[in-house]
Amino acid sequence: CLAPKVAVVGAGVIGLSTALCIVETCPSCSVTVLSDQFSPNTTSDVAAGMLIPHTYPGTPIHVQKQWFKETFTYLFAISNSAEASEAGIHLVSGWQVFKSTPKEELPFWSDAVLGFRPMSEAELQKFPQYRFGQAFTTLKCDSPLYLLWLEKRLKATGVQMYKRKVSDLWELHSDYDIIVNCAGIGAQQLVGDEKLFPVRGQVLKVYAPWVKNFIRDGDGLTYIYPGINRVTLGGTREKESWSLSPDPGTTKDIFDRCCSLEPSLREAQDIKVKVGLRPSRQCVRLQREVLSQGGVKLLVVHNYGHGAGGFSVHRGTAKEAARLVGECIAALQGPSSGAKL
C-alpha cells in the first residue's frame, strides 16, 4: 500500500480543506473528493465565513482555541499575500454589542483575534439600545471565492473531484483504502448519526458598499458582515428545520433587525436570499473508526458536525483529520499488513 487511496466525501469548506491538508501532509496519497454538491451549491456557500468562534459544549476549550488559532494564522497569511482577493479573504473590523453585560467579558478567543478591547462610551452611542460591547478585527472568507480557491489548489496538486452521491460508505470500499467523512448535514443519513441535527439559517446578501464594519448582536442572531462584493445580513437559528426555501416573513424580519443596528441599510440594493442547514451537534465529530462487515474492514475518519462555527475552525479540524488519516496509513503499512522488510 505505497500510495494509499483516500476518498473525501463532501466538498464544503470542511471537505475541501481536509483534502488539502491530507495532500500537504501525505504527498504519496492519492486523494479524491466525492460530493453530490460543489460550490456554489454547498451549505458553506451560504455562510458568511466570519472568524468568530461558536462554542461547542462537548469539546475542551483549549482544543477549540487551538483549532481557531490554527485557522486564523492560516487565513491571516493568505490575507497578507497576493492571493487574498482571489481567495476572498480580508480583514474586517467591527463591534459585538450586548443589551446587558455578558457573564464572560473576555471570550476564550479574545487574544486570537486582533486588537480585542471593550467599546468606548463614544462608540456605544452608535447603538443606543445596547449597554456593552467589544471591538476587534477579525478575518472574513467570502465563501464562494474561498471554496473555488481551495478547489483550484486541490486540482493543481492532482486531486480528482467527482460529482457523486455517496449513500453508503461501504460502496467506496473496493476503490479506496481510507474514507474521510466530511458530509456535513448529510452525515445524518450517511452514517446514521442521531446526535446530528440541522439548524436552519436564512441570510440576505445585499449590495451596500458603504457598510465597512461588521456589527453583531451578542446573542448571535442579528449580524451584518461586509464582504468584498456583498454584505451578509442575518439571521436565523431554527433547530430541526429541513426547509431550504426562503421564508418572506423571515426575510423582512432579518432586514428590519439589521436596519435597527445600521439604519443606512434601508438603502441596500439587490437583495438575494439564501438558506443553509448548519450541521449541528454537541461537539465536532473528529475521530477514526474501523467499520467491519463480514470480516472486511473499512478505515474511516470522521470530520463533521461543525454547526455554525465551521469557517472559524475549518483549518484546525482539517489538520487534525489529516493527522488521523496518517495514523490510518501507518496502520495499513504496519507489520500486520504482511509487509516484508
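One is the number of the first residue shown, and numbering goes on along the chain from there.
Glycine is treated like the rest: Cβ placed from N, Cα and C.
Feature annotation from TrEMBL assigns signal peptide to 1-19. The annotation domain 'FAD dependent oxidoreductase' is assigned in TrEMBL to 5-324. Annotated FAD binding site per TrEMBL: Thr43, Ser44, Val166, in sequence order. As annotated by TrEMBL, D-dopa binding site applies to Tyr223, Arg278.
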Should anything in the same chain at least six residues away from the signal peptide (1-19) have a Cβ under 8 Å from its Cβ atoms, list it; otherwise answer none.
26, 28-35, 37-39, 42-44, 47, 49, 141, 143, 146-147, 150-151, 154, 159, 161, 166, 169, 172, 175-184, 186, 190, 303-304, 306, 310-311, 314-315, 317-318, 321-322, 325, 328-329, 332-333, 337
Cβ neighbours within the same chain of Arg278 (D-dopa binding site) - under 8 Å, at least six residues apart:
Thr43, Ile185, Pro198, Val199, Arg200, Gly201, His306, Gly307, Ala308, Gly310
Counting other Cβ atoms within 10 Å of each Cβ, which of the binding-site residues Ser44, Val166, Tyr223 scores lowest?
Val166
In angstrom units, rounded to an integer, how far apart are the Cα atoms of Val166 (FAD binding site) and Tyr223 (D-dopa binding site)?
35
Greatest CA-CA distance (Å) over the residues Thr43, Ser44, Val166 that the record ties to FAD?
19
For Tyr223 (D-dopa binding site) and Ser44 (FAD binding site), determine the Cα separation and express it in whole Å.
17
